[in-house]
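Peer 1: Have a look at this one before I ask anything.
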């Protein structure tokens, strides 16, 4: 059907051509030239130039007419295309020979409009396949069949001049029949010389070879054409060319591969060190490193592909190694600076200790002497002072510190060594003061150290809960019920209870993280009913799972959190102090430069990972800190270390609330307040830890000897242990929440007010569960399905509202701007990619193998302009690049959600990852083309192929982002494999209907394939013109759409990235 359409266009073009000719070339109208003098070379040359000049004038007229506009889909520059296809000005020998052969009556042998219309109408008579013969006509029929009707022959119209504009009646043309001229062609069934091309009069185009045929006795054919001599014609000889069409049907007219044709009547074998493609007009020199034998039709440039991949490998190796060396050197410099600072601080501390010891000795000896010789003036023992003089020279005798000429403020400290010395001196001072006051109060020295260190006062946050009830919307089940109390700043509140009691739910409700639940009651922040999101910048939340980047070191994880979440106005030296204090207090100093580790690659221990998880929140200096089971998986010493770090934060005014499971007695005594939750989310106790045993003792519940109180209370609440009660008092575990409400005077829910007796309490608890589920027992399947769908929609709406709801910032902290956070993200992601260099190398190796295999299997075919190879290229690169791009966002979803909840910019996170992935977007097309291009060797340039493949990789990378964010890892990988295959196969289907045309035009592989084909088709000229126009018309492509295809690929990639970013903001783990 495609060839049918292209030939229909040819009919319109050629018929219109004849109409505009208007007998431009008339017989005997040659400026007075006498036809009898054509044997004179001078006259022949003059006559040939006149004919060619008039043909060129006709060409210019046709180029500016509407006729040429119909072929713009396959022609970009008409003048340039004419020069490459039909400019014979360099050699007009074929035209001179034809004029001499026809004795000057060349115009009388050219086809009129009627003959052209008849030829092309019959040429496409069969819709299934084109035919090579014509129906009978006036000059060639069953009764009249002159020799001019045979292929390669033509006749003259005699004395009469044919009317070229008449498209209805064919002129009689049966006289002076002879073989077609060299450089022209004459079809079978017509007695004229046809003008086949769009512009020029009758000659074969450049790149063709149209000699006079010679008879091959062995085959009976007229070589190089595929027709035979007619029987019964004694003097009939082989004529000229008979057909010009696509390469499959008119390939005998094409200049053969391995030869070049400077004119359409001359074919020269290609010389050594040169190669000649099919349809070439000149031979092309081979590159230096290639080997080209004589008659070569293609040069082997695979060596350049090998050189390119070696060059890319060397550059990548140097880049990765240099970048790694830079990072290593920087880390070593930081380590040396830190060690120097630590050494200096310790020396100062020892000097200070020696000075204090010397001062105490002097004072003691002075007192002794004073008592013995009260009436004598006694000087201090000089020899004891001199003993310590060398160690503490320059130390202030009053303060015990080295005297300084000028006190240096933190914001003026610039060098790493100075910053570390400043940080460790403050830490050492805190330790010294803590140890000095340890006997009087265990942690009172921490307050003094905090004040002496100049730590800024943090804003305090007090939380008050009034009748808080959290109900699961889907099942109408209470997760928390009638919770009242206060969580005060400067205190550590432990949240305990049996499994399923609602501890994490309460923590999430206080932190504003509940989704899919209805909340009643009040949560007051500093006495005001404001959202906790208003204080997001100074609220820390440590999740139960250790959500930490495994391919970063401990120090890198903590530093990233500090850079993005501490105040932007905080000097760098103070940041160093905060980070070093957290690392020191959590006992992470030995593993600070160790990778945290992942599932595939082991790093630090589980307890250390848990402490890093806590350190990410401590380092941002929060005013309110929630921790979900921070001591799970820690041994006793690690738990003690963690609680000591939390105690220091509490002494600075931080409000700390944490969920713990069965703490040891010593750990339990380190808490200030305790919240005990019973079944159903009811509060059994909320008060000071020191009063919990006394409260339960008043209820008759006494802790047995040698039993850990928190373990015993949890066992009692769960009903596993029957409490030991005093005489006359009987209480069950179901009564404990109600007892607490009555004890504190909190409002009791209406259903519990009816059951204030002991038996009533038990009855209430025994039937509450059935009452909650009663509403769902009578629902039909459809009703339950509807309720489930409604719940999911409401839950997703809650997520969207939570993510996009803007609240007034009350934290009074200005965190770094998006641009600054983007810089931090780029540095972090670059380190992560560097540590994944082996995975990147595997990706590049797979692309290399794919390019080599596809380049060898699907060599660029001239008939389809390499469509097969480009189709495989689109599938392979789309699949491989999508699979690789999935890792960008699918591997760290939990880490992103934690960072986003803490106020870190999602835009900086997304743009930074996309920026780092641009490196692969630039390199992967080079890697693939280094094999595919140099093995398949298409006619298009390497740059054109690279640009198209670059835009394709950018497009599919954006699609992979969307799949990774909206889908789970399994479905996203499946879609990444299926989408390229299905869409590419769909893009190659015939566009028989408008629906198929619209559908295929919406697929990104169709844009990439069109860009590849158009880039390659632009390199085919001359004799390939009909092949190019037919192939483009059949596929529905246009040479002018290359920029459009590139723009569509880039726009699709950008749109998918915008959609993926929107998904990051909307979607959230349930």
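Keep in mind that glycine also has a Cβ here, set from the backbone N, Cα and C atoms.
Worth saying up front: this structure is predicted, and the values here are computed from it rather than measured.
TrEMBL lists 1-22 with the feature signal peptide. Taken from TrEMBL, the feature transmembrane segment covers 304-323, 841-858, 870-890, 946-967, 1046-1067. Residues or ranges marked as domain 'ABC transporter' in TrEMBL: 463-704. According to TrEMBL, the feature region 'Disordered' maps to 753-775. As annotated by TrEMBL, compositional bias 'Polar residues' applies to 753-773.
Provide an account of the burial state, proximal residues and distances for the features listed.
Peer 2: Residues of the same chain lying 6 or more positions beyond the ends of the transmembrane segment (304-323) and with a Cβ under 8 Å from any Cβ of it are 287, 289-290, 830, 834, 837, 844, 848, 923, 926-927, 930-931, 933-935.
Distant neighbours of the transmembrane segment (1046-1067): 796, 799-800, 803-804, 889, 896, 906-907, 909-910, 914, 947-948, 951-952, 954-959, 961-962, 964-966, 1004, 1007-1008, 1011; these residues of the same chain sit at least 6 beyond its ends, with a Cβ under 8 Å from one of its Cβ atoms.
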Peer 1: So which residues does the transmembrane segment (870-890) touch in its own chain, when a touch means Cβ under 8 Å and the partner is 6 or more beyond its ends?
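Peer 2: Residues 839, 843, 846-847, 850-851, 854, 857-858, 896, 913, 917, 920, 924-925, 928, 932, 949, 952-953, 956-957, 959-961, 963-965, 969, 972-973, 976-977, 979-981, 984, 988, 1005, 1008-1009, 1012-1013, 1016, 1060, 1064 contact the transmembrane segment (870-890) from elsewhere in the chain.
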Peer 1: On the 0 to 100 pLDDT scale, where does the domain 'ABC transporter' (463-704) sit on average?
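Peer 2: It averages 89.
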